[in-house]
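Q: According to Swiss-Prot, the phosphoserine annotation covers S862, S873. The feature motif 'LXXLL motif 1' is assigned by Swiss-Prot to 128-132. Marked as motif 'LXXLL motif 2' by Swiss-Prot: 344-348. As annotated by Swiss-Prot, motif 'LXXLL motif 3' applies to 448-452. Here Swiss-Prot flags 557-561 as motif 'LXXLL motif 4'. Taken from Swiss-Prot, the feature motif 'LXXLL motif 5' applies to 788-792. If you look up Swiss-Prot, you'll see 857-861 marked as motif 'LXXLL motif 6'.
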Amino acid sequence: MKVVNLKQAILQAWKERWSDYQWAINMKKFFPKGATWDILNLADALLEQAMIGPSPNPLILSYLKYAISSQMVSYSSVLTAISKFDDFSRDLCVQALLDIMDMFCDRLSCHGKAEECIGLCRALLSALHWLLRCTAASAERLREGLEAGTPAAGEKQLAMCLQRLEKTLSSTKNRALLHIAKLEEASSWTAIEHSLLKLGEILANLSNPQLRSQAEQCGTLIRSIPTMLSVHAEQMHKTGFPTVHAVILLEGTMNLTGETQSLVEQLTMVKRMQHIPTPLFVLEIWKACFVGLIESPEGTEELKWTAFTFLKIPQVLVKLKKYSHGDKDFTEDVNCAFEFLLKLTPLLDKADQRCNCDCTNFLLQECGKQGLLSEASVNNLMAKRKADREHAPQQKSGENANIQPNIQLILRAEPTVTNILKTMDADHSKSPEGLLGVLGHMLSGKSLDLLLAAAAATGKLKSFARKFINLNEFTTYGSEESTKPASVRALLFDISFLMLCHVAQTYGSEVILSESRTGAEVPFFETWMQTCMPEEGKILNPDHPCFRPDSTKVESLVALLNNSSEMKLVQMKWHEACLSISAAILEILNAWENGVLAFESIQKITDNIKGKVCSLAVCAVAWLVAHVRMLGLDEREKSLQMIRQLAGPLFSENTLQFYNERVVIMNSILERMCADVLQQTATQIKFPSTGVDTMPYWNLLPPKRPIKEVLTDIFAKVLEKGWVDSRSIHIFDTLLHMGGVYWFCNNLIKELLKETRKEHTLRAVELLYSIFCLDMQQVTLVLLGHILPGLLTDSSKWHSLMDPPGTALAKLAVWCALSSYSSHKGQASTRQKKRHREDIEDYISLFPLDDVQPSKLMRLLSSNEDDANILSSPTDRSMSSSLSASQLHTVNMRDPLNRVLANLFLLISSILGSRTAGPHTQFVQWFMEECVDCLEQGGRGSVLQFMPFTTVSELVKVSAMSSPKVVLAITDLSLPLGRQVAAKAIAAL
């Protein structure tokens, strides 16, 4: 008999009562070649014929079961066919369909093209919706049956529905496929959510507790599908987190002026990467602050730490509160952190002793003001600490009882900063004497350092500096003035100049520099600071044009210094005097060296230079420092003698106000300026002492020891202690400056790879990450662009990648990559800008990624064309081995970090695809596992977007990576192509 269509063939089989295998053989004869059974809709046709009557046709159903078992039809076509049936009143038909689902719902798979795998996701979503509708209908019937007194039938069907639902949803693979389907078809997911709500309402009145709990479990599983990637277990067994500790110490010691937002982002990143519970995270921040306070050197550093702890950190926590979900929870976490902190009595007692007050009390008050703690919590915690303090060792001796604690002074200085900024906004020409009174008051004692620390911690230092630059600019020249206004103008110029120098030396010159505006005139102080002021790592040329002004001005200045009994003030152009002083000093030095001037004359000249306006002495020493560097050993004496004279006490009478206060600041500026050159020339100059070390972290390296030894030594000490202290941070920073990023990073990684104990390697990673925060961007480029590729491509080094150091290095690499990638669009911090930045062009030639000049690695990978058509979809771009989500998102490949990441993932892809296995393949697995562990989702904005799509199919061949969650995490599901790749990989698991 000639069969015309599928329906006829099925009917003939039924009439002639063919067995299932007979039916399959005959079907293949009727439809020999051409279209597949899915295209002919075989599953649909069989179900349609089987479900005609009130009960299903068992023979035709047996054909369908045979077709499923022998894979004549795909799972997706069967699920789609089932989900079309909607007459839930036909119990036997519904039960037959549930039985068919039971055959395969927990072992779905698809080994076809990507489109077929996406089809399976969609079919599963439809089937889930059908199951929910079916369950709701069964529950409704059960309710009606209970009312009529015949519950048994409805209960049996409801139990079957819930069983199939549970079986389908308990498979992680199925939930992953549904996750993809949800992104493909948002409207269908909305329908599922509605069905779930409806089902919940019906089941709420159900008396059977077993069925109700089963239904609730299914509901929970469905609701977990959209968030199945963001669940991470927190580390409850650890109590110390050295990375958080070190990041706080680093910021407090070296970056008080840094933006609060960038610190918040960095801390949030660490919290997420290390899965730290919030109370322990906040506790670690407070612990680090107290340690910083206790070990900070007396003077400016102590004030900086106080401002950081009591002004900046509460602001950081306020921002962290916005990041965390739920205000109430965060205040509870902060309260919990304080409860833990109060148990660290020795730490708090030591801090109280150092600060001469109850530190915790002040801290609690600040947190209360910022809304981080409720009033009740503040009072409760204060009472607990008060009770503890009664048993504390005796506070500082009686002589200190009248000294106000720094914390109180800093908290009082903060509103004063705002008032001073308002005062500085007024018209300077109207009441210069009043302004001078305010500034004079700022110079007394430690007022200036207090105000600067408060301004730095609250982000106001830049506007503070800007106001002083404007004042300095305003006072450079005054016309037709009498003696009184001239002396006020000289004082305002001098005080603003000294303050700005002090700010630049204490907080970095970046605070002073304005945003570059085209066409705008650069203020005098900025020009002088950039071209003439000595700083760490800045070499000045004493013959630079900036030191060689108009010769007539120089001659008149030399005459003025040499002949007058004191400096004239009226109509003096102070900026010109400051720029001419260097050339004048050169003339005077030459005259002295040639015997034209005697030492007494030099003494009179230096007294004239510093007698009225200390700024001139600062400018003179700035040039002398540059000049001394260029002289031979036997030529330096007179220049150094002149620096001594300028830094020494004044021999004549001074006549201008606030002289002693100005000299104190001048001497601290001169001491910092001369530090480098005095060390290089092995000279000593005694600067008048203020009783406080003005440069506590300077010259920390031991003399005559190779820097590699110093690096390994200090790292070993830090590792043994388990945390980084402020002094070590400064030593690491000096070594980074001295040895360069590659040397620094390479040697520390060698130290990490020497570790053989697991707990040591993990501690080393936490500490290294925080040390690398000194210049995370550059370190990451070196680590991912040079060191890792070197280890992965050289078989003689593979042994060093064994576990545990290999696992640790993978963790460190991922942490660095994530931190740099999340922050590299932001601003480089003050301390990082000082370093030489590596040219972008270096990275473009090292890692070419354009079509014109493909790198060796790109060519090597592109030649592997076996996988080229893995996703032969006409709608998507052709699939080359290197195509990644970043290319579809058109990420800027001129950026060095993007290039390095893209190349690293190409290398990973080639290692996974190669036939040689070893520690390097194991390392790649650890690297990817860590990526998955740290990431919320491998979408746009994540480092995994640089991974070629073809890597996914290679990765799932590695046993540890062959899980649906891993596939979802490493693919960019925001892209259709990403979803296809994920569906194909998961469906094949």
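Glycine is treated like the rest: Cβ placed from N, Cα and C.
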Q: Reported in the order helix, strand, coil, what are the DSSP residue counts of the motif 'LXXLL motif 2' (344-348)?
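A: Tallied per class, the motif 'LXXLL motif 2' (344-348) gives 4 helix, 0 strand, 1 coil.
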Q: Are there residues at least 6 beyond the ends of the motif 'LXXLL motif 1' (128-132) whose Cβ is under 8 Å from a Cβ of it, and what are they?
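A: Distant Cβ neighbours of the motif 'LXXLL motif 1' (128-132) are 82-83, 85, 101, 161, 164-165, 168-169, 178, 188, 191-192, 195-196, 199, 222.
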Q: Between 0 and 100, where does the mean pLDDT of the motif 'LXXLL motif 4' (557-561) sit?
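A: PLDDT averaged over the stretch: 79.
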Q: Could you count the residues of the motif 'LXXLL motif 4' (557-561) that DSSP puts in helix, in strand and in coil?
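A: Its residues divide into 5 helix, 0 strand, 0 coil.
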